[in-house]
Amino acid sequence: MSTPAAPKQQEDYKLKDMKPQLGERWPHGGLRGGGGWISSERATSTYDLVEQMFYLYVRVEKAKDLPTNSVTGSCDPYVEVKLGNYKGKTRHFEKRANPEWKQVFAFSKERIQSSLLEVYVRDKEVVTRDDYIGKVVFDMHEVPTRVPPDSPLAPQWYRLEDRQGNSKVRGEIMLAVWMGTQADEAFPESWHSDAASVQGEGVFNIRSKVYVSPKLWYLRVNVIEAQDVEPLDRGQPPQAFVKAHVGKQVLKTKMCPTRTTNPLWNEDLIFVTAEPFEEHLTLTVENKVTSAKDEVMGRIVLPLTIFERRLDHRPVHSRWFNLEKFGFGVLEGDKRHEQKFSSRVHLRVCLEGAYHVLDESTMYISDVRPTVRQLWKNPVGILEVGILSAQGILQMKTKDGRGTTDAYCVAKYGQKWVRTRTIMDSFNPKWNEQYTWEVYDPCTVITLGVFDNCHLGGNEKTATGGGSQKDSRIGKVRIRLSTLEMDRIYTNSYPLLVLHPSGLKKMGELQLAVRFTCLSLANIIYLYGHPLLPKMHYLQPFTVNQLESLRFEAMNIVASRLGRAEPPLRKEVVEYMLDVDSHMWSMRRSKANFYRIVSLFAGAISMSRWLREVCHWKNPVTSVLVHVLFFILICYPELILPTIFLYMFLIGIWNYRFRPRHPPHMDTKLSWAEAAHADELDEEFDTFPTSKLQDVVRMRYDKLRSVAGRIQTVVGDIATQGERFQALLSWRDTRATSLFIIFCLMAAVILYVTPFRIIALVAGLFWLRHPRFRSKLPTVPTNFFRRLPSRADSML
């Protein structure tokens, strides 16, 4: 029974083609034409990567001349917009007869079940039922249609009517009612009928928004030296070092190797900071008294705005800064002396504007521009993404005793983040929102993630039980732009795959429409021959450890700043999108990377097997043809390189027929996700440092030791072979070295007097000789090489 299920499950993990009805299709609307918004449709193409969704928009601007309550003598008005079973309310104002609301309500056409739109004005009462002031009624067939890029529909004043609608009453309300789509500029800030159950602060957490990452800088602090630093114990010179703080980032220089009051370091400390600069650079010069005690000898706090912004590799000017006494008091009698004599530190500090501050892994990088805008090149293309919908999303939490999911999608490319609106209580949400990015390099990746909104103010509980203050991950999709054909629309359904401690799980499918439009083919071709990152990364590169720690700090800054937006893009969302845990140890990832390396050598292994078969004459016809080709190349050696490149050209032309037709997606086999052992997944999801029991940690440590032991053996074998090469001329084995240098002398004489073609011909014929002339024993060079000494016998 399990055998047929496996191919079906494998099929579910693959990319699927879709044929959605993309592009705008507008109805004939307005009072003219007589058809209203239910009539036939005509096609347009201004919003062409999403399926069109119609909405009825009601803009409530203000009211005037509202009557006061006969009992209270005041009016606390609010507006209720009613369409069938859907009701939306504005906020109420206390004691105001001429209120201004400026609020928009949006009702989905798919859920409209009434032909009348009713707008009520009511007086808020604390104890009794709210008083009726008046209403305005609209016939749905008379609602006009607004077609972009038309200007917004001008609101009009309407006289209020009584309950029966027979006569006018005192008061007027300014309204605008029109039929539009999700392309309308009023859409993002509207109150939506499908989110009517959300109240309070949760209303702000369901809206679609566009975010911009903060402008990140590298801060380079070159600590050169200090002068006249004095410890508490003046009888012994200090062993000084410098500690620098920028926000939560703390770095230290090495200790000065000599004990002196004028220490010298000349060491660079690199920090990440963001505009607007909220932190200061705090430097302390400290003395290493004991291994457990440091003594502060001086301190200085500097704002980041005073430092020069560097746009190239030229050094900036250094400056001396006076240090404040810190950690011990200065006597009154010494104050006059302190003004004449002060410790100081010599610094060269600059904000690096020619680097790209990495906040994401270079494997999935989406932006390669330097910090300073003056160094940006012109865009080479436009990326347009239509986030259509999701299908078959699993239950993520329970609400009021039933399973539900409130899904939204986040896309990140370059400095621009987008967040769709949250679709309430749906396992098949439809967003149909289109976004555009400028592309400065095609060898970049756009990342899209789907999340469950857990900040709606209700009594939600996650599917695993218990309340959650974090938005749950549903899945992620990455698309590399260089794999997309230009000016082609890709409409695909991407599987949303997530690894859990229990194993791989498909959470649903994300349906996207993607188009990469080329602005300049010449610039794209030009980019392929240039470095991916700005040139400062190569002129003054950072170490691998520096890049990893700086990336982590940059990610924290981006998460902190985006978390302060409204609605916030929360830290767990930003971390998931930026792959914050990609550097953590995982046995599954290690296996996957090992088999990736094996697959790289598969072609070379296949070629060596084919050559072995040729040498052993498994197929005589092929061996004869190889001999003929070999003779031709020996006679005409100038054909060797053209032949190689022509062969590669023909292979490329042949493989064009089998080129990928779809963008790449998450590959479960490549990721080794399906075959991962439960304990390996449990280890991958463990915290750092570990939170597991001692027995589990010991078991995993022993397993890691066994794996490391095999790696140790392989590394030792590689070192042994290299040391044998060194032993050829190192005279560790005098007899072997003597034989080798005599052979080298004889080979030099023979190669000098014999034409190279003859040498190549003889060597080739010897290598391709028939098996009848071969021996199963190892060759003489192999035997000689294996007898050479290595340094393995000197190891403990």
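Every residue, even glycine, has its Cβ placed from backbone N, Cα and C.
Pulled from TrEMBL, these are the features on record:
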type	residues	note
DOMAIN	37-158	domain 'C2'
DOMAIN	198-321	domain 'C2'
DOMAIN	364-494	domain 'C2'
TRANSMEM	512-529	transmembrane segment
TRANSMEM	594-612	transmembrane segment
TRANSMEM	624-656	transmembrane segment
TRANSMEM	739-768	transmembrane segment
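Across 512-529, 594-612, 624-656, the stretch most heavily in contact with the transmembrane segment (739-768), judged by Cβ pairs under 8 Å, is 624-656. Computed over the domain 'C2' (364-494), the whole-number mean pLDDT of the model equals 88. For the domain 'C2' (364-494), the DSSP-based tally of helix, strand and coil residues reads 7 helix, 66 strand, 58 coil.
Break the domain 'C2' (198-321) down by DSSP state and the numbers are 10 helix, 66 strand, 48 coil.
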